[in-house]
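For reference, the structure discussed in these notes is given below.
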Amino acid sequence: MATLTTTQTSPSLLGGVVIIGGTIIGAGMFSLPVVMSGAWFFWSMAALIFTWFCMLHSGLMILEANLNYRIGSSFDTITKDLLGKGWNVVNGISIAFVLYILTYAYISASGSILHHTFAEMSLNVPARAAGFGFALLVAFVVWLSTKAVSRMTAIVLGAKVITFFLTFGSLLGHVQPATLFNVAESNASYAPYLLMTLPFCLASFGYHGNVPSLMKYYGKDPKTIVKCLVYGTLMALALYTIWLLATMGNIPRPEFIGIAEKGGNIDVLVQALSGVLNSRSLDLLLVVFSNFAVASSFLGVTLGLFDYLADLFGFDDSAVGRLKTALLTFAPPVVGGLLFPNGFLYAIGYAGLAATIWAAIVPALLARASRKRFGSPKFRVWGGKPMIALILVFGVGNALVHILSSFNLLPVYQ
């Protein structure tokens with residue numbers, strides 16, 4: 001397995017776009033209609049667009065700092081050098097927590113949707129066993145190489161996009177304006193539930209662990225990597241918009257309360273959509289799409305965790321070194337998935353809390369420190385100090401929202 005560095009033939013732009021897009025657009029999107037049902041469609045779209053803007057720029061700030069270090073340097077190296085040991089420990093804990101808990105969430109989600117898929121074929125496969133088997137398959141692909149993940153993600157994302165448009169093209173045809181505009185509730189309030197959506201929005205635009213992986217893939221080519229981040233995140237925003245239209249235009253707002261009470265996992269939402277549409281072919285497409293959605297996100301997130309742990313522990317890129325990294329990457333979340341198979345919605349929410357440190361606060365601090373030391377000779381994010389301040393406020397604000405929510409100090413749609 002060769003280390004990926006800049007070569008005479010540069011990898012295609014599409015490979016990087018699908019790594020970013022595939023990481024973002026995955027199982028996390030299934031939580032959005034459930035947690036956004038209180039704020040409903042238009043307020044939720046405002047939250048998504050604002051979050052997309054902030055998360056894109058925080059990723060660009062990571063790139064700005066990363067370009068001043070050797071290819072293969074991950075957050076551990078960069079944060080320790082620019083911000084010191086204290087911030088490095090805090091950042092390291094938040095990275096490990098986010099990536100581990102997202103890996104656990106996708107094991108939970110894969111077990112749930114595979115159990116539902118096998119049930120459609122009259123096969124009884126327990127969710128725990130299905131999630132465990134799927135995790136082993138993903139572990140093998142990640143162990144092979146970054147290029148293997150890129151190629152597999154490209155295949156899965158391609159299949160996911162095809163099934164997405166087949167499924168949601170049909171779903172959009174069933175959208176009821178009265179349902180989307182929530183005509184049935186004449187005195188409904190939406191704005192009070194807006195803050196609750198922000199940590200989930202943040203978790204649904206998580207790709208930051210893959211920025212160092214892209215530098216490994218393309219070398220120090222900021223122009224190409226910036227395009228990967230912009231196109232990948234825009235792809236996610238577009239598909240989230242279609243997803244919210246398709247779900248909130250078909251499932252009445254009050255029905256989401258029952259979906260949330262059942263844990264909000266993928267199979268519950270798929271069953272709710274199937275019940276509304278009463279279409280066997282659409283039901284099958286939904287199930288197929290759900291499987292591809294989990295697979296692409298699972299691959300991207302675990303690649304980020306894999307590269308971070310390899311850098312942290314100094315494991316080399318040999319078969320044995322990658323095996324050690326793979327064991328550290330997958331063993332803890334697999335155990336969690338076997339013990340607690342239904343924690344998807346809770347895991348996504350807590351990932352949003354920890355991700356505020358790693359995906360918003362620390363990137364802004366890295367950009368500021370990098371400019372002071374290096375002057376950002378290769379690439380600089382536009383906006384100057386005000387942009388850094390905005391990303392910091394965004395991160396701290398998200399953390400406060402989640403803490404207030406944990407103590408039941410924010411209104412909940414129920």
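Cβ atoms here come from the backbone N, Cα and C positions, even for glycine.
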Are Ala127 and Asn408, as annotated in Swiss-Prot, on matching sides of the membrane? yes
Contact set of the transmembrane segment (129-149) with the rest of its chain, CB cutoff 8 A exclusive, min separation 6+ beyond the ends, reads 1-2, 4, 11, 19, 107-108, 110-112, 114-115, 118, 213, 216-217, 294-295, 298-300, 302-303, 306-307, 322-323, 325-326, 329-330, 333-334, 337-338, 341
Spell out yes or no: are there three or more C-beta pairs under 8 angstroms between the transmembrane segment (152-172) and the transmembrane segment (229-249), with each pair 6 or more apart in sequence? yes
Could you name the stretch, out of 42-62, 286-306, 387-407, with the greatest number of CB pairs under 8 A to the transmembrane segment (89-109)? 286-306
Which stretch, 229-249, 326-346, 347-367, tops the Cβ pairs under 8 Å count with the transmembrane segment (16-36)? 229-249
Given the cut-off of 8 Å on Cβ pairs that are 6 or more apart in sequence, determine whether the transmembrane segment (326-346) and the transmembrane segment (286-306) share at least 3 such pairs. yes
Should anything in the same chain at least six residues away from the transmembrane segment (42-62) have a Cβ under 8 Å from its Cβ atoms, list it; otherwise answer none. 32, 36, 75, 190-191, 193-194, 197-198, 201-202, 204-208, 211-212, 226, 229-230, 233-234, 236-237, 240-241, 244, 359-360, 363-364, 366-367, 381, 383, 387-388, 390-391, 394-395
Across the topological domain 'Periplasmic' (250-285), what are the DSSP residue counts per state (helix, strand, coil)? 25 helix, 0 strand, 11 coil
